[in-house]
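Note sheet for the following structure.
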Amino acid sequence: TAATQPSTNWHLKENGREHHTSKFSSEELIVRRGQAFTITFNGIEQPEQNLIFIAETGPKPSKATKTLATFGISSAVSKEGWSAVLQSTSSNSVSISISSPHNAVIGRYKLSVQSGSSSPASLGTFVLLFNPWSSGDDVFMPSKAECEEYVLEEFGIIFAGNKNRISSFGWNFGQFQGDILNICLSIMDRSLYYRQDPVTDVSHRHDPRYLGRVLSAMVNANDDQGVVLGNWSGKYEGGKNPSSWTGSGEILQSWKKSGFKPVKYGQCWVFAAVLTTVLRCLGIPTRTITNFSSAHDADGNLRVDEFYDADGNHLERGADSVWNFHVWNESWFTRNDLGPSYSGWQILDATPQEESGGIYQCGPASRHAVKEGEVDLDYDCPFVFAEVNADCMYWNYDSATGKKTLIFSKSTEIGDSISTKAVGRDDRVDVTSDYKYEEGSAKERDIFKKARKKLGLEDKFDPTAPTQEEIEQKPDITGKFKVASSLEVGKDLSLLLVLENLQSDAKTVNVNMTAWSTLYTRRPVNEIWKDSMSVTLAPKEEKQFPIKIKYPEYQQQLTTDKTIQVTALCHVEDGIQVLVQRNITLDNPDIDIQVLGEAKVNKEVVVEVAFTNPIDTEVTDCVLQVEGSGLLQGILELRIPPLKASEKSSTKFKLIPSEAGPKHLLVNFSCDKFPDIKTFKMVNVIN
């Protein structure tokens with residue numbers, strides 16, 4: 001006889017509480033591996049003892065690939081495979097506690113039950129995730145507070161700006177929003193690895209190492225029609241400017257809605273934030289990391305070469321670059337392939353910078369291996385090592401003769417103030433010392449040599465490298481740019497060029513100065529200003545030269561990264577050239593958020609956002625975007641009338657918070673003169 005279709009009670013509430021999955025708003029059971037969950041079903045006539053359960057996942061479930069398990073009722077949880085323990089029975093319903101192994105493949109499973117000789121009856125589907133709360137799991141994280149932050153927290157802070165002036169903005173990871181889990185599961189099923197060999201791909205999904213690498217490839221659009229298309233041109237027609245996003249939800253939903261066409265456009269923090277969402281959603285503890293003065297060493301020689309012409313213009317020559325900042329990810333899991341000391345935080349990077357194994361993916365690189373210069377360990381350690389350690393060479397390039405002359409080299413420039421959000425607080429934590437030994441220390445230089453040796457760079461002659469003589473040459477003067485005003489968009493920019501003669505005879509110096517608007521990658525976009533002067537410095541004299549760049553001069557040229565590179569190339573008569581440069585990031589004007597009254601679950605509360613136009617011309621096309629998990633569904637977009645010079649606008653809107661606890665409201669204000677001013681506010685919601 002055919003079995004009647006049993007009806008299943010998945011005990012969503014209790015299981016969700018036990019498995020730390022109650023933030024998912026799903027009608028489907030979502031549980032974590034290596035931990036028991038309870039279900040009750042009826043419609044089975046046979047004695048319970050004879051029941052056989054079947055759990056299967058992937059396109060061709062099999063026992064060999066650990067994607068199919070059959071198990072009967074036992075008296076205790078099995079140490080190895082899947083098991084079922086009888087909880088209770090009544091006239092026609094049975095309660096069973098089912099446990100999966102610590103290393104089960106994650107994903108959507110079909111669960112069936114078979115009694116006697118009848119064919120299996122489906123009980124329904126459930127989703128199995130990684131379990132950082134369970135000590136047997138590869139992603140086990142002993143600290144509960146860290147599990148809360150790196151798996152359950154939907155709000156993040158991303159650090160940006162530059163090393164002289166670190167700024168930050170909020171991000172809504174939204175890993176528990178509506179359809180995000182399903183989208184994350186479809187990302188895995190659209191990877192090149194799955195398309196080439198679905199059976200093998202699914203069988204590897206027990207391994208955070210494997211999934212981290214696959215997902216670092218899938219979050220960028222290169223190779224595989226992945227989620228986000230990168231764009232570093234400074235022109236973003238046909239898509240959204242990377243700096244306008246405030247959360248991953250909108251990006252992942254758009255990717256699915258468009259029939260899985262890459263979403264336009266992203267830059268490093270967008271790739272890192274989306275990867276954080278996907279990995280946290282699947283249960284792998286993950287955070288974003290910002291590295292300031294980050295090297296992109298394209299040719300693998302642990303050296304970054306920058307070229308300038310005689311006028312001091314930064315040339316786009318060669319593939320190497322230094323970014324004001326770069327954002328990547330760290331995920332927490334064991335490295336059984338490398339050994340216990342390499343477990344813990346692993347670097348993954350979804351920004352498409354260099355190919356690895358023929359496609360744009362990066363990591364996991366063990367952070368410990370990077371610190372110790374173990375660049376021969378999997379995966380992509382040399383690239384990550386260079387991002388935080390490369391030496392910097394500045395060259396003068398003469399396009400007429402093709403000749404290049406070293407201006408100076410620096411080994412302490414790269415990898416500064418490496419930052420991440422604190423656990424449980426909205427603060428910055430500096431993790432530089434987890435990536436490298438103290439800059440300039442003997443230990444740090446030893447590790448650098450060890451890495452060069454492992455890469456075979458020590459013993460082979462490099463014709464492009466400067467000679468020892470060039471490296472050791474001493475300049476007659478030194479210089480620096482000092483900031484002499486507030487650095488705000490809308491205000492004039494005042495700088496001082498400070499030059500000092502180190503010698504005991506007078507020096508004549510010809511100075512060529514330029515200012516360019518750049519992207520955060522320091523790619524020059526528009527020239528803003530240039531000037532030159534000839535100065536004489538008396539013996540040991542220090543002189544200051546004021547520089548003023550007015551707002552109307554730079555306003556049209558500025559990119560949305562609001563960055564300007566100022567350069568002075570000093571030609572000293574009968575001496576070597578001296579390059580003085582500074583990367584400046586301007587601050588946006590402030591926006592102010594006030595929550596009027598108490599925020600309570602399921603009760604309306606009014607929020608007021610105020611902005612004052614700081615400049616003496618009208619601003620138009622004003623739009624306010626608001627989002628925040630637990631505070632409102634989706635994104636609220638409000639259009640605001642134009643604001644006259646110095647006029648203040650105040651906008652009110654209502655929220656209905658859906659869950660209690662500290663929630664974050666993210667606001668993005670844009671207008672024609674000030675794109676993407678961001679701020680966030682913590683709102684404590686009470687029951």
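In case you wondered, yes, glycine gets a Cβ from its N, Cα and C as well.
Annotated compositional bias 'Polar residues' per TrEMBL: 1-10, in sequence order.
Residues or ranges marked as region 'Disordered' in TrEMBL: 1-23.
Among the features that TrEMBL reports, compositional bias 'Basic and acidic residues' is placed at 11-23.
When pLDDT is averaged over the domain 'Transglutaminase-like' (260-352), the result is 96. As annotated by TrEMBL, domain 'Transglutaminase-like' applies to 260-352.
Taken from TrEMBL, the feature active site applies to C268 (among others).
Residues or ranges marked as active site by TrEMBL: H326 (among others). A simple way to gauge crowding: the CB of H326 (active site) has 25 other CB atoms within 10 angstroms, across all the protein chains here.
Annotated active site per TrEMBL: D349 (among others), in sequence order. D349 (active site): 30 other CB atoms within 10 A of its CB, across all protein chains.
Residues annotated as Ca(2+) binding site in TrEMBL: N389, D391, E439, E444.
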Can you tell which of the recorded positions C268, D349, N389, E439, E444 lies nearest to H326 (active site) in space, using Cα positions?
C268
Same chain only, sequence gap of 6 or more: which residues have a CB within under 8 Å of the CB of C268 (active site)?
W323, F325, H326, V327, W328, T351
When you measure from the Cβ of E439 (Ca(2+) binding site), which residues in the chain that are at least 6 apart have a Cβ under 8 Å away?
T412, G415
Which residue counts does DSSP yield for the region 'Disordered' (1-23) in the helix, strand and coil classes, in that order?
7 helix, 2 strand, 14 coil
How big is the gap, in Å, between the Cα of E444 (Ca(2+) binding site) and that of D349 (active site), rounded to a whole number?
24
Site of maximum Cβ density within 10 Å, from binding-site residues D391, E444:
D391
For a three-state summary based on DSSP, what are the helix, strand and coil counts in the domain 'Transglutaminase-like' (260-352)?
18 helix, 41 strand, 34 coil
